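These notes are about the structure you will find just below.
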Amino acid sequence: MLLPCALLAALLAAGHAANPCCSLPCQNRGVCMTTGFDRYECDCTRTGYYGENCTTPEFFTWLKLILKPTPNTVHYILTHFKGVWNIINNISFLRDTIMRYVLTSRSHLIDSPPTYNSDYSYKSWEAYSNLSYYTRSLPPVGHDCPTPMGVKGKKELPDSKLIVEKFLLRRKFIPDPQGTNVMFTFFAQHFTHQFFKTDHKKGPGFTKAYGHGVDLNHIYGETLERQLKLRLRKDGKLKYQMIDGEMYPPTVKDTQAEMIYPPHVPEHLQFSVGQEVFGLVPGLMMYATIWLREHNRVCDVLKQEHPEWDDEQLFQTTRLILIGETIKIVIEDYVQHLSGYHFKLKFDPELLFNQRFQYQNRIAAEFNTLYHWHPLLPDTFQIHNQEYTFQQFLYNNSIMLEHGLSHMVKSFSKQSAGRVAGGKNVPAAVQKVAKASIDQSRQMRYQSLNEYRKRFMLKPFKSFEELTGEKEMAAELEELYGDIDAMELYPGLLVEKPRPGAIFGETMVEIGAPFSLKGLMGNTICSPEYWKPSTFGGKVGFEIINTASLQKLICNNVKGCPFTAFHVLNPEPTEATINVSTSNTAMEDINPTLLLKEQSAEL
């Protein structure tokens, strides 16, 4: 009697094992909901589609699909016909109309309010209200699904170390054909680590950056306690020290604001700033120093305009101005460079005042993952007339004092960064960080690359060859994954065929741009109630934001106003390069991969 009962129980368990939503049947952003153990229902509400799996377009959806050009066609138009775009850029009405469309079409792809997180694959108050989570643009794959990608692919994913070594690890440095430089590389790291701050004690789905956007906590500290330690408490300024007549961050001893430094770093080189990991490399501390100087400079401007204001009002208003400067620089310099567009992007919050737009943001785990642009890093770092290896560069703030910011800016502006897409360009020094990106994606149960492409209105790849644009890697990937619909998001982004002459492939741009623009324009200062001169101390403060640029930031805060940009500048042929890789320094005994641990896993 026991045997038939056990058999029946096993059959029932087997019958209940596979969640019908594991096959991801609902298309076009339809929501899959189970109705019993073996049935599902697709909610097609407001998708523009109908039918059992939300696959039949409504009339206007069909018309839109017929008329809408592909993302690659749009990209081609925007990156060619320079003469036409020069005319459009000088006609305000046309430029504003196109910019408004760019902002709305991109940002409307982001769910706002947020919907899912790594623990909730369905809408819940917890997923909406708990700021300690990163949100998710697609729900995690169910624990009870037959394969890690739902029903597609093999039951076990290939070894992540093998994926890194076979497809991601650099053999020879591949420069970015778009001309991106190291100045851009460190700006990207510095800027994004105000909102990419994974709480590794809780898990990869959690964040310590509760502001979920551009709040400059990497300058001012994540908590009020840290902020107060960094503040001078006079004239709104941040604490600083003067070295050889120039302003630098204070030391940890001066602020008592803890930073992450190895024990060997001398006390006088333990600079203290808002983000505790920014002592990792001098490039990050360079930008931290520039923004420290900019904050204190703007405080002086406001103090002159408002001698009646106390320390708190000067500090808070300056912070809002620097948030505005940051967003302006990111859109008009940083995103402009990445896009490669001849169309001139514009930061103007008023473009959205008559649009359906929510002034809130929640950082997505997928956005954090795709931003792991380790291929940008060069093999060595060239500053003035010297060359530093990773070992010599890590936790070495003496480089900044030895060369000064002017030489660092000049040198980083001339040095080429690496191409991100196309595979095989992650430096060996950070291969463990790339492996961690894959492992954490698996822990959070990301859906496949193709599911993310569909989520962001892209056609899924039909083969590995279509993904990579070549045969060798494609064949090896097919052998390991078995099915293109089982290809993982992060490795897929890095091995994808780059667009012609570009740093990224199609997927990175079409997924990353919506997250980026929604996060920037969804900032509180861009809302109608905030975007007015009085918020920023009057016309003078408003003017600082509206005229901000990377070059102006450097000119106002770096001695000699060195010329800079986010693309490679022609080197001056008069300077010889000395390789210091054989010199005896305290940094030689450091293993860089040991230093790139949890606290810096996103750097």
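Heads up, the Cβ atoms here are built off N, Cα and C, so glycines get one too.
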Between ASN130, ASN396, which does Swiss-Prot record as N-linked glycosylation site? ASN130
Identify which of CYS21, CYS44 is listed by Swiss-Prot as the disulfide partner of CYS32. CYS21
What residue among CYS42, CYS44, CYS54, CYS145 is stated in Swiss-Prot to be the disulfide partner of CYS22? CYS145
Where does the N-linked glycosylation site label fall among ASN53, ASN579, going by Swiss-Prot? ASN53
Please identify which of ASN53, ASN90, ASN130 has the densest Cβ environment, defined as other Cβ atoms within 10 Å, among these glycosylation sites. ASN53
Find the average pLDDT over the domain 'EGF-like' (18-55) in the predicted model and report it. 97
What does the structure give for the C-alpha distance between ASN130 (N-linked glycosylation site) and TYR371 (active site, for cyclooxygenase activity)? Integer Å is fine. 23
Rounded to the nearest Å, what's the C-alpha distance separating HIS374 (heme b binding site) and ASN90 (N-linked glycosylation site)? Just drop the number here, would you? 37
For HIS374 (heme b binding site), what is the tally of other C-beta atoms lying within 10 angstroms of its C-beta? 21
What does the structure give for the C-alpha distance between ASN53 (N-linked glycosylation site) and TYR371 (active site, for cyclooxygenase activity)? Integer Å is fine. 32
